[in-house]
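What TrEMBL annotates here:
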- 32-115: domain '2Fe-2S ferredoxin-type' (DOMAIN)
- 156-178: domain '4Fe-4S ferredoxin-type' (DOMAIN)
Amino acid sequence: MSSAVMDKAEAEAKQPASHLITATFRIRRFNPEVSEEASWEDFQLEIDPKERVLDALHQIKWEIDGTLTFRRSCAHGICGSDAMRINGRNRLACKTLIKDLNPDQPITVEAIKGLTLLKDLVVDMEPFFQAYRDVMPFLVTSGNEPTRERLQSAEDRERFDDTTKCILCAACTSSCPVFWNDGQYFGPAAIVNAHRFIFDSRDEAGEQRLEILNDKDGVWRCRTVFNCTEACPRGIEVTKAIQEVKRALITRRF
Ligand code: SF4
Ligand code: F3S
Ligand code: FES
């Protein structure tokens, strides 16, 4: 390295970290072994506002309080495991920049709603995944195994392109007031994943899936509130997909 480059690097290293800000993260904590009630706890961090909420949670867990409990895996918006309620809105912690959250005010972080709280930011996802399993989220075909791949036109593929993007994060279902009500509603995520196969020209179980969603806790419980569409970190038009499933149930054309 030339001495000029070294001087610059040394000078930068000596400079105060002026890009850091002090931000307060107000996290809703819950530990059933300590208390039956959840309560808010504040953590003050020196942090780069260009970092993500997930980085702040890591900083808290690794440097301040190792008991802080949350889920995450990929850290890049793919696995869907870190949906949480940030400043009152469902988002992925790994896709939410601190600078976009008005960090002059405390940033609130809490678990998603409508599912049983287990600890801190972790909820029981089993009812969510049960609804997903119930709509048969896999391709169903019968007989005459093809000797080559099943072909599909670009137009037919386009019909369910949007709903293939789901990462099962539950941001939609846990933002739906109908789901909050009793947790019995299948919820938008299950319907999105049913849509993905109902409108697939290669699939043969569309009628069966429609009947499953014709249930009293199926699509008709949707009141077109649109929270789900606003919450989806993948930009899926969730409410539109639900409407298409409702229409298919009425017309039996899909
Ligand atoms: Fe998450 Fe969107 Fe899939 Fe709902 S539809 S589970 S918000 S990715
Ligand atoms: Fe709920 Fe979305 Fe319908 S928020 S009511 S599933 S449009
Ligand atoms: Fe995988 Fe955020 S950690 S989506």
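Backbone N, Cα and C atoms are what each Cβ position is placed from, and that goes for glycine too.
All annotation found in TrEMBL is predicted automatically rather than curated by experts.
Since we're looking at a predicted model, the values are computed, not measured.
With helix defined as DSSP H, G or I and strand as E or B, the domain '4Fe-4S ferredoxin-type' (156-178) counts 12 helix, 0 strand, 11 coil. Mapped onto DSSP helix, strand and coil, the domain '2Fe-2S ferredoxin-type' (32-115) counts 19 helix, 23 strand, 42 coil.
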